[in-house]
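Undergrad: Per TrEMBL, domain 'GAIN-B' is recorded for 229-373. Annotated domain 'G-protein coupled receptors family 2 profile 2' per TrEMBL: 377-632, in sequence order. Annotation source TrEMBL lists signal peptide at 1-18. Summarising the annotation, TrEMBL assigns transmembrane segment to 379-404, 416-439, 459-482, 489-512, 535-558, 579-601, 607-631.
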């Protein structure tokens, strides 16, 4: 009887006590409830960071960055999956009352998910499928599944059969879902998408194919494989998949020619995997602005196969966008144009010829944004640059020729130093611009593009800062007596402004943006706009200098309305007026040029903006020759003097030569 009473107490009182305890804990948690998720305490100061715990049903944290007085989530490690709840079987099996309580042996061992998976269901890896499918696609869970797939591909060295491949594909399919793409951006390890691609390709490489082809199709990953031999007339894999729930299907094909198949040994196999969403996931992970415009197709082939053809249907069928055939560089984690070449293209599809290798296993097509192809732009740019470079060389030659005649006063000397350096820096900028244009883009020549962009940025900035130096020279001449500072100090100041300031700006720009791959535009060797706004490091200083120069010219007009003719400063005032005229003409031209450059960034599809910018930019050297040198009366006078002197010397030489030949000297008789 006593035993029965004790049993009833255990059955009824213990749950009651447990309920009371749980209620107390719940009430206490209400009193100490944390702040709302996704909200950081404290003042939001730009570039400050804060961390926030994940919701109660998950573990991990969320990282926030303050931008423009608002908190923005940048990382998240919230996860619900772990080594215990990812498996279908219960971790702790509780025996009935009176029996022995047996704790699952895995609860006592610090084993990884992969270790337990290999022990629990090594034949088909299916014991984690149900819980993975039911798990939310939050960043922490995605990272857990990526790591699991990576570990599986590493642990299993051989003997991958169709059953294992199906389970593996189901796991990968869950995190490749189009609804999960935005969550990839918050995973702290930016290489997670690369790890996934490499892991799937590595696992498929170990797949053994018998005489029957395999076809494992999921919504967001599709694997096909077949045996191949030199006797085959050709092989192809055809895929048709949806990019998301609302889009229509797009197709992709892998074609292996008969000539290539003759190179393979007899017992060989070919495997291809198609991913409709992986391109967008790679873009989200690396925050790049290059858009994948077709399926990502991976191929696992014998090393003897050197060439394959790939046909990609375009997702975006716009004819204004340039298409590039690319391969994924597995070591450098980037799309590389050197792996493929485009054979044929129309608005619907692109045909690529690619070279598979250990480095290049996955291929696709890129849609380069903000590209407006026009032969008119190409002709204007190169013809204009040729004229500009020749004009600048002529400008510097004229300056060297008349230097002694036009630099007799201090103000003239300083003025011509500015003119010569404006011409020299623009000449170097044009040369580096040509170098940059011959590079095919940052995807192929990244280091060369970084160097070319740095020098183009530096020298174009130098052009503007030397124009600023001329404006400051005017202000110094108007507001302060010129002879208060030695000439050497003024020259040093001019060179510090003309070269020092641009060097600092260009160096800070590349140092701040290149580590995160935000220095270059994806499609060209020039400063990035969409990702880091690095282009502002050129636009803001340039347009600020335009404003300063125009204000300076206005001040000169006000100050020199009634100059004192008899003043000893009359010559210097006239020199200042000449500089002002030069700035008044060149500054609007330079400012207008880069004003249209900004308009191109805002409205990239406008061909008129491109043409106007190309004309103004390409002919800047010609403008400097005309308005900075040829129209200067002092330079024309000096040139006229040099020409007259040259004619006079030539005439004297002719006369002496005639006299000598016409009246020979007679010797003694």
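Cβ from N, Cα, C; glycine included.
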Undergrad: Which listed stretch (379-404, 535-558, 607-631) has the most C-beta pairs under 8 A with the transmembrane segment (489-512)?
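TA: The stretch I would name here is 535-558.
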Undergrad: For the domain 'GAIN-B' (229-373), DSSP counts of helix, strand and coil?
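TA: Looking at the domain 'GAIN-B' (229-373) with DSSP, the answer is 16 helix, 69 strand, 60 coil.
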Undergrad: Report, as numbers and ranges, which residues of the same chain sit near the transmembrane segment (416-439): CB under 8 Å and 6 or more residues beyond its ends.
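TA: Hits for the transmembrane segment (416-439): 381, 385, 388-389, 392-393, 395-396, 399, 403, 406-407, 445, 448-449, 452-453, 455-456, 459-460, 462-463, 466-467, 469-470, 473, 491, 494, 498, 524-526, 582, 620-621, 624-625, 628-629.
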Undergrad: Mean pLDDT for the domain 'GAIN-B' (229-373), as a whole number?
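TA: Residues in the domain 'GAIN-B' (229-373) carry a mean pLDDT of 86 in this prediction.
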